[in-house]
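Here's what TrEMBL has on this protein:
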| type | residues | note |
| --- | --- | --- |
| REPEAT | 121-155 | repeat 'PPR' |
| REPEAT | 156-190 | repeat 'PPR' |
| REPEAT | 191-225 | repeat 'PPR' |
| REPEAT | 226-260 | repeat 'PPR' |
| REPEAT | 261-296 | repeat 'PPR' |
| REPEAT | 297-331 | repeat 'PPR' |
| REPEAT | 332-362 | repeat 'PPR' |
| REPEAT | 366-393 | repeat 'PPR' |
Amino acid sequence: MVCESYYQQASYFRTSPSKLNLQINPDSLTHEQVITVVASLAEEAGSILALSFFNWAIGFAKFRHFMRLYIVCASSFIGNGNLDRAREVMQNMVRSFAEIGRLKEAVSMVIEMQNHGLVLNARTLNFVIEYASYLGLIDYAENLFDEMRYRGVFPDSSSYKLMVVAYCRMGRISDADRWLKDMLESGFIVDNATCTLIISTFCEKGSANRVFWYFNKWIKMGLKPNLINFTSLINGMCKRGSIKQAFETLEEMVREGWKPNVYTHTALIDGLCRKGWTERAFRLFLKLVRSDNYKPNVYTYTSMINGYCKEEKLNRAEMLLSRMKEQGLFPNTNTYSCLIDGHCKVGNFERAYELMDLMVEGFTPNAFTYNAFIDGLCKKGRFPEAYNLLGRD
């Protein structure tokens, strides 16, 4: 019956397992019967058919978490010299047992199978590391990395990348830095997507200098940065106040053939405003307004509005608010919060309340919004209003 179902669906040159449509009630089969069928098919009918039946069986909860089924199936493939299929079975076991919190048990069995002829490779290592990292078991993943390397498994660039990405997502910059160093010493560089994540994370954690060093090192080793990589780096430089370095990176980006987009310009405008250089920022803003390719977005306007509010140039900030609405852009929570903060600082509470009412209609005021209002009221001695607003929060 298994063979009949397989050959009805299989193409002549099939190299991957077919999905079987067996008219069998899985409840009528015992675990031992399923194991026997898999072993017999691997011996007599070939690995692909055996794997097809195996995949059919683990589709049912009754067999999905029966470890001996995986072991027997993998052992059958090992005996036939089909190590790729054996590794595929072991990866299925890791996936299935990770679902029920038994990842470590499954991984231990994968490693044990090496003593029974299973040759582990970087793909196996990467698969296990990815699942461990996904479950937040990053320290366990690191131990696995070391153990498999000790057992003769040679990590590839993806192996290191998985560790770096996991540590970055957890905000553990020192550990990510350690793995990046090992990665470089092993002759590997990151890909563009990983590069962006590293830049963003390191800059957010105050390690912009370190990531800038890595960035230049990767370029020397062959990395071709893309627009997103350059923009992320420029954004990081601007946030820490390194405007000169940000513009130098912009020049390098242009030399490499990349044209800055609205996100690049927004990062620079925000950086200039943070330094108090709003006039220079506005010139860049106007350049974007006049561009045929890109137009300012809500984040660009908000950065510019925030810059003017900090300098108490509320008329200009309000002008930009009107203009962005004319352009069909809707102010967000941050836009309103910046304006409310600016008006509160100069004691213009009437306008601040108007903005708060407008904000409540479409957006939820955040902690920054209320803090700005309450701080402004308290500084003017209007404590009852501040108390009422605190209760409103």
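Cβ coordinates are placed from backbone N, Cα and C, and glycine is handled just like the others.
Nobody curates TrEMBL annotations by hand; they come from automatic prediction.
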Handout entry: Tertiary contacts of the repeat 'PPR' (297-331), as residues 6+ beyond its ends and Cβ separation under 8 Å
Key = 262, 265-266, 269-270, 272-274, 276, 278, 281-282, 285, 288, 338-339, 341-343, 345-346, 348, 362-363
Completion exercise
On the repeat 'PPR' (226-260), the mean of the pLDDT values is 95
Problem - Distal contacts, the repeat 'PPR' (261-296) - CB-CB under 8 A, six or more residues away - result: 227, 230-231, 234-235, 237-239, 241, 243, 246-247, 250, 253, 303-304, 306-308, 310-311, 313, 324, 327, 329
Completion exercise
Within the same chain, the residues 6 or more beyond the ends of the repeat 'PPR' (366-393) and with Cβ under 8 Å of it are 333, 336-337, 340-341, 344-345, 347, 349, 352, 356, 359
